[in-house]
Amino acid sequence: MQLLLLTVGLALICGLQAQEGNHEEPQGGLEELSGRWHSVALASNKSDLIKPWGHFRVFIHSMSAKDGNLHGDILIPQDGQCEKVSLTAFKTATSNKFDLEYWGHNDLYLAEVDPKSYLILYMINQYNDDTSLVAHLMVRDLSRQQDFLPAFESVCEDIGLHKDQIVVLSDDDRCQGSRD
């Protein structure tokens, strides 16, 4: 049991150390992230968070940037339905790092950004003295989602998540289907 706890602890520490990497802001600024997005894949070191109706099985609807902060409308599974919620991730002194209050405190990082095509972000979530790692792949055009899955897998590996911890979202997902 002690060996298992040590292994889990080391895996989490390695994942958290990856946050110190270089994350460059989009060349044209955060404003380029504004507009419609489609959630296509999630990953987490805690599968319950991204399973259907999990706390981080959320679907980005749209984003906008103002004063260096990111504002997002997301669809959240809630009581058997999907609720549209607006959240704001506040800029920090660190480039491409934001503070987000959602199911605890989150350090949100923009890992890879091509504002016209795809966005990969990850969050380090603190909730009730428990730390979790969650990654999210979004695309502008759903027909190109397969083009960006290898980049998502690579980012996940870099932050300590494994391929078997990735969930590719289907078109049948209820929140994805309830988009405007």
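Any Cβ shown, glycine's included, is placed from N, Cα and C.
On a predicted model such as this, the values are computed, not experimentally measured, just so you know.
Annotation source Swiss-Prot lists signal peptide at 1-18.
If you look up Swiss-Prot, you'll see N45 marked as N-linked glycosylation site, on the strength of sequence analysis.
Taken from Swiss-Prot, the feature disulfide bond applies to C82-C175.
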> Near C82 (disulfide bond), how many other Cβ atoms are within 10 Å of its Cβ?
Replying inline: 21
> Which three-state DSSP class does C175 (disulfide bond) fall into?
Replying inline: helix
